[in-house]
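Taken verbatim from TrEMBL:
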- 8-320: domain 'FAD/NAD(P)-binding' (DOMAIN)
- 44-49: disulfide bond (DISULFID)
- 53: FAD binding site (BINDING)
- 178, 179, 180, 181, 182, 183, 184, 185, 264, 305: NAD(+) binding site (BINDING)
Ligand code: NDP
């Protein structure tokens, strides 16, 4: 760093991507300052993945209590207390926030709890103290925020995923709008916790971009768990009878206590000063970057949701790490965004890696589809009406597995391990020679021998 600068790196945003980049860069000897205007940890830790998953766990006890009867248990007086969950969840989030803080400080990063904006390619203004900091490089890792759309009358009465974590009581009735990760996950949580839940989506299937059969399996399961309205849109929201009334395009009225809109997120670029350095964002506000997360301004980089590449925590972390390796570690690295295992924490869960069947057919031409749809062993005694779906897609020309899709309990856990094999380029023959772990649901992945079959195994062996 030349003496013209106060720091080598100024990171704007203390979420997953920013924190990782700051720590790794500092580890390589860079002098790093990080500004966070709210709470270190960002969306994932404070108002996203972590508190959401804790709520998913809370909801799943409902199924467990129901299922227990088939195994001889009597579960009496099981009641759920939202305030206990909220208090314990919030305490855990605060604990994690402290760990993030400590890790940054231990790594030698200076944290400034203020809003930072860009003045020029090497200057940051801290709005709280109104001081400026000169930085050799700037990393923008400011994330995104949920939108309140569609823009219909009364939409201001709705909440977004941010406010879910502030609710003091469990809504008796909730309308969730959207068909993406967030709508699907929260609709599942509220339904499981006992809210009368309606999930409204404008499309005829949930989770656009996922494999069609997985989408159908989800719709079937959700149709049993909640009021699922597909192919309908919201026309307006009014206050009515101490609650809310949502009117749909078909004239139907849904009475509820909360309306949660989960219709997408937009990069947090407003007021950041991008115009001062000539960075032009795209139609939704995303910052353009190259494979090394460098913007058109050479001293300014961006990672995570603000770049709208793949808006997932582990991807932001990788992008932040790769940036630090490249710029401060002498190890040029970029993130391969093509193969990203991911999970949707619906109940049942979804885990995927690789292409959908439709995409695989388009890319590879001839593919084999190995498919199993079966009742999990646990359901034989619990009586639960739910099926697991597993699909393995194989490129016939190379025998490589190019997509795995799982709909069922613990799909997220399973797909993480399968993701290693698929990332390594595993072939169907590799899957076939892997010995099954019995009795599990996941053993289906290595025992499917004939393409396009439907089986009903119940742990025979
Ligand atoms: P998504 O972009 O995934 O989904 C938005 C949904 O809202 C879509 O179903 C879309 O419909 C619908 N929609 C968009 N605009 C309108 C509108 N004007 N009126 C009615 N419906 C509309 O956004 P999310 O908010 O669900 O999630 C944001 C991101 O967060 C995701 O991309 C995901 O990467 C990440 N995330 C990941 C999680 C995980 O890994 N488990 C959990 C939560 C979030 P259509 O399909 O028709 O466009």
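Just so you know, the numbers here start at 1 and follow the chain as drawn.
Keep in mind that glycine also has a Cβ here, set from the backbone N, Cα and C atoms.
Annotated features, which come from TrEMBL, shown on the structure.
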residue: 44; record: disulfide bond; DSSP (3 states): helix
residue: 49; record: disulfide bond; DSSP (3 states): helix
residue: 178; record: NAD(+) binding site; DSSP (3 states): coil
residue: 184; record: NAD(+) binding site; DSSP (3 states): helix
residue: 264; record: NAD(+) binding site; DSSP (3 states): coil
Near ligand 1, which of the recorded positions 44, 178, 264 are found, taking a Cβ distance under 6 A to any of its atoms?
178, 264
If I take the Cα of residue 49 (disulfide bond) as reference, which of the binding-site residues 178, 180, 182, 184 has the closest Cα?
182
With an 8 Å cut-off on Cβ-Cβ distance and a minimum sequence separation of at least 6, pull the same-chain contacts of residue 53 (FAD binding site), or say none.
345
Rounded to the nearest Å, what's the C-alpha distance separating residue 182 (NAD(+) binding site) and residue 44 (disulfide bond)? Just drop the number here, would you?
12
Just name the most isolated of the recorded positions 44, 49, 184, going by other Cβ atoms within 10 Å of its Cβ.
49
Can you tell me how many other Cβ atoms are located within 10 Å of the Cβ belonging to residue 182 (NAD(+) binding site)?
23
Alpha-carbon distance [residue 44 (disulfide bond); residue 264 (NAD(+) binding site)] in Å:
16
Using a Cβ cut-off under 8 Å and a sequence separation of 6 or more, which residues in the same chain sit near residue 178 (NAD(+) binding site)?
201, 261, 262, 263, 264
Fill in the CA-CA distance, residue 44 (disulfide bond) to residue 180 (NAD(+) binding site), as an integer in Å.
17
If you count Cβ atoms within 10 Å of the Cβ of residue 264 (NAD(+) binding site), leaving out that atom itself, what do you get?
15
